[in-house]
Structures are given as structure tokens and as C-alpha cells.
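Noted in Swiss-Prot for the protein shown:
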SITE      Arg15  site 'Transition state stabilizer'
SITE      Lys22  site 'Transition state stabilizer'
SITE      Arg152  site 'Positions MEP for the nucleophilic attack'
SITE      Lys208  site 'Positions MEP for the nucleophilic attack'
Amino acid sequence: MNYEAIVLAAGQGKRMNAGMNKQFIELGGEPLIVRTLKVFDGDERCNGIVLVVNPTERGQFEQLFERYRIRKVVAFADGGQERQHSVYNGLQALRSGEIVLIHDGARPFVRIRHLHELADAAVQYGAAIPAVRVKDTIKKVDGLFVEQTIDRSSLWAVQTPQAFRLSLIMEAHEEAKKAGYLGTDDASLVERLGRPVKILEGDYRNIKLTTPEDLLFAEAILASRIAE
């Protein structure tokens with residue numbers, strides 16, 4: 001099944017301490033957002049990309065599209081106050097389509113095969129998300145004292161892209177907006193409707209670049225891929 005993609009690139013990434021939008025930080029000689037967009041741009045099943053950005057930075061992104069020959073960005077949407085608002089704006093900008101994949105621009109290492117698996121699962125189940133099993137011991141803490149050790153056997157760390165039938169995720173966002181509900185990810189809005197969300201095995205290398213330390217991991221992942 002073909003799909004449309006929404007890629008989020010409006011956050012300023014203050015924890016990166018880069019003095020600019022982290023999407024413009026170079027990773028292996030290319031801006032972070034370019035590496036992310038190239039995955040979707042090179043996927044024949046991707047019909048088009050809506051890029052959510054700060055409107056003051058549109059010109060910078062357009063220059064990157066020209067320089068790196070990114071062809072599938074069909075529309076811009078403005079970033080909102082919260083991530084959820086940014087996604088909603090992106091959904092409003094979609095041209096059409098049955099399946100939408102919503103992805104963080106700061107995750108450049110997603111594989112095309114995972115895009116296909118998620119899109120196909122969204123057709124079957126309505127909603128599908130990638131996740132990896134939690135490896136570390138998780139503690140619930142109160143006032144910097146351990147209150148409880150959480151059983152990690154059923155815990156998964158969720159990633160993006162998250163895939164949905166367009167009609168379902170639109171309904172989920174509309175209902176959340178009416179109720180003033182702010183979720184931690186898009187799948188949580190679908191869960192709120194009582195609808196099932198399918199988990200697919202993700203990839204530990206599909207990291208989100210948030211802090212300067214993440215750049216070190218990203219360079220190592222990039223080097224390992226070049227060596228493959």
C-alpha cells in the first residue's frame with residue numbers, strides 16, 4: 001500500500017545546544033533533515049511528504065530541497081505550540097491518501113522496509129507503531145527515592161514513524177482537540193478512542209537525535225552503515 005508522510009521539523013531542539021534548529025546540523029556531511037527526507041524520497045511507495053516547519057525557516061528548507069534534489073515534499077505546514085498541534089496542521093495539509101506515516105525529522109536511520117511493514121499493518125489494523133523492548137531496569141521514583149521497580153517484561157519504547165488509516169488518525173485528533181486532550185504521541189490519541197494499535201518490532205538504531213551525546217551515537221551508526 002502506498003502512503004503519504006508527515007515529517008516534523010519545527011522543533012528548535014534546545015537540548016541539542018546547537019544555537020539553531022537541529023534539523024540543519026550536519027551528520028556525515030549532510031543536514032540531519034536531508035538524511036531523514038531522503039529515506040522517504042527514495043521510497044517508491046511514498047506518494048508525497050508534508051513537512052512541518054517553523055514558517056520563518058521555509059526558505060532554508062527549500063534551498064536544501066534544491067541542493068539535495070529532494071522531490072517529494074508536496075506541501076509545508078506550520079509547526080504548532082505542541083507536537084500534537086504540529087501533526088494536526090500536517091494532517092490538514094495532506095492532499096489525499098488512505099494511509100499516513102507520521103515521523104520525527106530527527107530520526108534519520110529508519111529503514112524503507114520498516115516503512116512498508118508499518119503501512120501494510122495500518123491497512124490491516126488501522127494503526128501500527130514501531131517499538132523496541134526496554135532493556136534497562138525501570139524505577140518509579142518519588143522525591144529521588146525509589147518507590148517501585150517496574151516489571152519491564154511488558155514495556156516497549158515507542159519510535160516513529162507511526163502509521164494510520166488517515167480517517168482514523170483524523171478522527172483521533174479531532175476528538176482530542178474537542179476534549180482539550182494532549183497525548184504523548186499520535187498512537188495515544190487512537191488508544192483514547194478505544195481502538196487497537198498494533199506493535200511492530202522496531203530497530204534500536206532508529207534513534208531520535210535530541211542531545212549532543214546522540215550525535216556521537218549517530219556518527220557511529222552512520223559509519224557502520226557505510227561499512228555494510
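Even glycines carry a Cβ here, placed using N, Cα and C.
Secondary structure from DSSP puts Lys208 (site 'Positions MEP for the nucleophilic attack') in coil. The CA atom of Arg15 (site 'Transition state stabilizer') is located 27 Å away from the CA atom of Arg152 (site 'Positions MEP for the nucleophilic attack'). Rounded to a whole number, the C-alpha distance linking Arg152 (site 'Positions MEP for the nucleophilic attack') with Lys208 (site 'Positions MEP for the nucleophilic attack') is 21 angstrom. Note: the Cα of Lys208 (site 'Positions MEP for the nucleophilic attack') and the Cα of Lys22 (site 'Transition state stabilizer') are spaced 11 Å from each other. Least crowded of the recorded sites (Arg15, Lys22), judged by neighbouring Cβ atoms within 10 Å of its own Cβ: Arg15.
Over all protein chains present, the Cβ of Lys208 (site 'Positions MEP for the nucleophilic attack') has 15 other Cβ atoms lying within 10 Å.
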